[in-house]
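S.K.: Could you have a look at this structure, given as structure tokens, before my questions?
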């Protein structure tokens, strides 16, 4: 989704009655005040196709290949009054697209109409003639970020039916694992999945008595903006409680100081230290506060008829009496009773639930942005008290298919797209609207396109989608809307009324135009790209959680539902009149009745066939109702070429203009799958008259007899006499018997003839280009061979108010996404600005300058622009360089073909890429309730598990080259990955566009989830290679050396820095490998260091002095394969000392050690295994009663035991085993030995030292475990205060603990993470809880291993004992983050 901009205005009150479809759990009547002054500036990687890098002079935009909703791409706050950079309007008066006076004045009525534009596309005229055909009977599937069923205008249709029939989360982002089953106890309580005790409402019917339980962090269901709002509000409340505790701690410390003016007693010193620690901990807690959000418990059961769901939301509510499970009104699948709930009054977020897989999965459906609700409102909102704000088809019904994954910031996934299509077919929808898209490598190709083709051709679904917001350059239409033949791609139009009303510009434009940012065709295979245009902005409903009813958004995202709503009106009329609905006939009617926008043929590349007209389209449909529904598929091949077929003729490169070319056109009539073979196919015959819009350039035959089997004919294109620039023509076929039908098929012919650059140095200048609002200048340049980057200067003059320009560049390269560059330049006064970008030599460059549509409105002055473009290039013999890991350098030959260039090579290695193979691979069949294709095929899932180890914390990015960076142009359905630690805590997730994530040191599991219905394909992927790419820290980035001699890397001389390249002369130099000491530690053999290399230098100051080649316009990749590690040198000494023991002694020792190894390998998981372990340990103990390693092994076995039934007896056994270890060690001899210094060169002494150090560690471990067990016994045994014997036992245990504790202090540092818990226990026993918690926190912080649950449980108990309830609540939420009971679902 692109940046959204909203306005503020007040409207008449709209209906606030509760929805008719079902009561909500928390009624929030809509407010009559429509507060819309909110700027929604979403993160570029989340909601926009363009990423900005801002400096003091200008903003640059480069296309980021991220798939997101197609809302407005930029926000403008110009002096002109523009309220958004992505808007589309059209002036349409009396069915003309004529001019409108600049002094357009709006009334309240026309103002409201401009906020939800319908007049522009003939909706008013159509509904005036057919008031009951307002969408009734039409069902639209909204493929988007989710629709809020509580939003204004989305409760009922104009004829009183439920507006939304189903609400689905197709992504799985709201899924909750409820496979765990529990039963209620005698008190009617169950244990929730979060560990909370939940009270069941005794009125709920549950014949089986089985309750499925799960949990969800509520922030995972919320948008980033809603989460941010809640975090701020929760933080205020938390800070208030924390400040109260801080004040209390300060008071306690002051009171202590007043009571003890002079402290000499050690215990008092420790007591004061404890109070100070409490105060410090509270302050640190505030600094480290990180709200992961409340947890909601989910309970599912079957009441004998349907599955029911209840939520416990107490953690969200301020009032502890609110949100209890027993008070929840149970929900079932939205499709059944159409009820929804709201989590709390604080968030005001609506949700619905759906149950899958026999109660094992609950989907909690929320929206991932306001985008989907806004889109739905444009298509079909119904406001009976203010009809001017109705959507286009207020009588239409909807289903919401959420394809924007909340885990990915609302980006669509293949899983979401596939499930959405399954749902649309299952619900027998008439229409699909999808306001999402992205650039694509191959047009009209991929798994999703195949499924769409099936839905359109077999199930007669009409698919409408946004064309994209990447204009105004050509070839910017996105997939799937602008690149797929089966989909109606919609461009965005802005009318004078929309400009004046919705955008509140000072002065509206004189006529309607296409928005500047609306994507343009053609596709790379020559198809028109944009089918039709529709209004691209509206003030429409948004979800309740935004705390406003409506919002202004603009983009092709808004144009698509406007067109979709218009088509819903047509379907409503066709169904009522008994006319067969077909996507073929509807599309043809739309194209042949649209009103052209603009005056030149080339405008079709921007606007498609023009602005749709609902009323005229319906008249056309009525006239054609007896004509067969046919789609005329066009496939074109250039004669004599083996290139793949295309859908249009596109001449772009300079070589195409040297002579005429001949093209073979195949027209293949396609019928729906249910067409009657005899009555429709066999008798189909049409006499086609072929026309060319300019026969001097494009020649075609005059006639064609077309039958069901299709025909071919030839077309000749002669571009030799054309002037430089853009030209557009069409060959179209008309039915001779019914010419009123208009073109039955069109063959678009796009020609971009470039200007050749012949002068030296190679530069092109364009002078005195005059611009007004919305004006676009396109220049086509044949990039000279040898050029690799462009340096340009744009000089503006002759204007008054601020001017804003898009400067775009596009090149088309085979089998690559279009190479695009964008800079948005704002001139507050006449000035010159420079820029630079990458080009490919020999390919045509389109350079576009466009004055933003609302920039300069209100000013009568034109802007004069002078543009100078200079081409530069350094050609090398190899662009991507691979260093093979040896000491040999790589020779590089460089030359300048165009003009003298400064050769200044720069190369760095700043990433390391490590390959992994999966350790586990499982294929499973998915459930039929969501993952069975309309064809009947069941989708399968392959789950691959990779083990990853990080020796140090690092920012990592998982990469699967065969799957990454493609959503639409891939034959695979989808992929998704999760990275988790050994505690099952998920740190990162992603799909086709992997996210980088900072991970701490440790071991991780990466699970990759790939879906497809073909088992053989998934079988081939079981050994799929995964790369983990890690960014090197700045201090570890390797700068590679250059040499003038091949021996430079070894000899160390002859370094190469820079020189000047002269045309006609080559210069050679060498790139050396990195020094071995610079290679990152722990880089395994076979891993690859990755970086970049550049050769040229920018001529203008400010951008060329970069230390990173990746920041220059042109850089290439460089790789270094990490060689095997060097072999450690032999010490020259024998690896083992000659044994002085006899053979029998050595044999006895080996037998003893073997027995110990068997003991260590025995399990103790059941009574039988416990008995075997005890027998062997007793036997060995009697055989070797004083052998310390054996006694330590027995103690280790006792401590590791998990299934402990009698804890008192267990701890007594541990103490006895520890005493046995302690008794076996001569502590005085040990202390004396460790106190002495030893000669490190004396092998015998070194060996003895290691043995004694091991003995010391065994002694310390025994003392440590004994201390823990003594403390546990003390807490387990209930001391009867009246029983003198019990008091004596208690005193004895206290003394034993103190003695043991003091003994351990002699041998180890008790503040170390290994033994610190005993220090914590000691401080806790003495009620110095602050000190105990501080020690524990230090242990946790120093522990580099994955979090240990016992540490955090102890931390929580200390916090609870100190009475810090707000901190305890916070820690309990974090316990589920750190130690989830299971991994989340994909």
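Note that Cβ sites are derived from N, Cα and C of the backbone, with glycine treated the same way.
It should be emphasised that the depicted structure is a prediction, and the values quoted were computed from it without experimental measurement.
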S.K.: If I go by TrEMBL, the feature region 'Disordered' sits on one of 15-36, 37-58, 59-80, 81-102. Which?
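M.R.: Range annotated as region 'Disordered' by TrEMBL: 81-102.
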S.K.: Against the domain 'Tripeptidyl-peptidase II galactose-binding' (771-855), which of these stretches has the most C-beta pairs under 8 Å: 135-598, 644-751, 897-1083?
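M.R.: It is 135-598, which has the most Cβ pairs under 8 Å.
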S.K.: Fill in the CA-CA distance, residue 371 (active site, charge relay system) to residue 144 (active site, charge relay system), as an integer in Å.
M.R.: 7
S.K.: To the nearest whole angstrom, what is the C-alpha distance linking residue 144 (active site, charge relay system) and residue 557 (active site, charge relay system)?
M.R.: 10
S.K.: Once the chains shown are all counted, how many other Cβ atoms turn up within 10 Å of the Cβ of residue 144 (active site, charge relay system)?
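M.R.: Here the count is 32.
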S.K.: What is the number of residues in the domain 'Tripeptidyl-peptidase II galactose-binding' (771-855) that are helix, strand and coil, as DSSP sees it?
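M.R.: Output for the domain 'Tripeptidyl-peptidase II galactose-binding' (771-855) reads 0 helix, 50 strand, 35 coil.
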S.K.: Test of understanding: give the count of other CB atoms lying within 10 angstroms of the CB of residue 557 (active site, charge relay system).
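M.R.: So the number of other Cβ atoms within 10 Å of residue 557 (active site, charge relay system) is 37.
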S.K.: Would you count the other CB atoms within 10 A of the CB of residue 371 (active site, charge relay system), including those on all shown protein chains?
M.R.: 35
